[in-house]
Amino acid sequence: MSMHKALTIAGSDSSGGAGIQADLKTFQEKNVYGMTALTVIVAMDPNNSWNHQVFPIDTDTIRAQLATITDGIGVDAMKTGMLPTVDIIELAAKTIKEKQLKNVVIDPVMVCKGANEVLYPEHAQALREQLAPLATVITPNLFEASQLSGMDELKTVDDMIEAAKKIHALGAQYVVITGGGKLKHEKAVDVLYDGETAEVLESEMIDTPYTHGAGCTFSAAVTAELAKGAEVKEAIYAAKEFITAAIKESFPLNQYVGPTKHSALRLNQQS
């Protein structure tokens, strides 16, 4: 029996909670073989309030990693995460088109959770023009959705729906805006738009500050489900269930950060 294979083109989070570390843990939980093309290394300074330090990988090295996977192995689905330069965004887009990669999940990472500053504000245009049109699914959070749609801060479900329609118009087939617990709402709310219908996905509101890597984990779960052959909406619903369980059992890693628990859903189902 062949193993389903998924690729993540993303950054390394040295703390293990986000980036390729979260992606690989999620792929493993979903019984999908994970492969990586590393774009950037993110470290945190424990002597400076966990300040993020960002070290991009050169494009030749990324290109070599991608050739290893696309030419030497093949993939059933793929996702992007942190792409720290316009050149890397363009390389990812070129690879998707030239290799005719399918089941493409774009997680348009623009900030590190816990950091107040936007990492790469000048790259929103490149994400809009280069990657959004190639997305089977694009999974922005509220801030990223505002940047991609050109709207102001998204404060309501109606705002999320409007932004999703604008992002879909860029060429993405399915848009999932992850609002989570950020809206003033009694439930954790995401919005799914397929070009015709806007669907509000509600789940239990979980009162926790420990959500490091939640966006990476959600998009990786969508990717894994697509790699296994799931229909797009079913992949999104399954990913929502997966991340809800992971957040519900999230935990503090130190005084600065707390990741989600990737094994939570599996362990719950076994008990």
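Glycine too: its Cβ is placed from the backbone N, Cα and C atoms.
The ATP binding site feature in Swiss-Prot is assigned to Asn141, Thr178, Gly179, Gly180, Gly181, Lys182, Asp190, Ile206, Gly215, Lys240. Under DSSP, Asp190 (ATP binding site) is assigned to a strand (E or B) in the three-state scheme. Taking Cβ-Cβ distances under 8 Å and a sequence separation of 6 or more, the neighbours of Asp190 (ATP binding site) in its chain are Val176, Ile177, Thr178, Gly179, Gly180, Val200, Leu201, Lys240.
If you look up Swiss-Prot, you'll see Glu144 marked as Mg(2+) binding site, on the strength of similarity to another entry. A simple way to gauge crowding: the CB of Glu144 (Mg(2+) binding site) has 24 other CB atoms within 10 angstroms, across all the protein chains here.
Each of the binding-site residues Gly179, Gly181, Gly215 was scored by the number of other CB atoms within 10 A of its CB, and the lowest score belongs to Gly181.
Highlighted in sequence order, Leu142, Ala188, Val189, Ala214, Phe218 have their Cβ within 8 Å of the centre of the Cβ atoms of Asn141, Thr178, Gly179, Gly180, Gly181, Lys182, Asp190, Ile206, Gly215, Lys240, the residues recorded for ATP, and are not part of that set. Asn141 (ATP binding site) counts 23 other C-beta atoms within 10 Å of its own C-beta, drawing on all protein chains shown. It is 16 Å from the Cα atom of Gly181 (ATP binding site) to that of Glu144 (Mg(2+) binding site).
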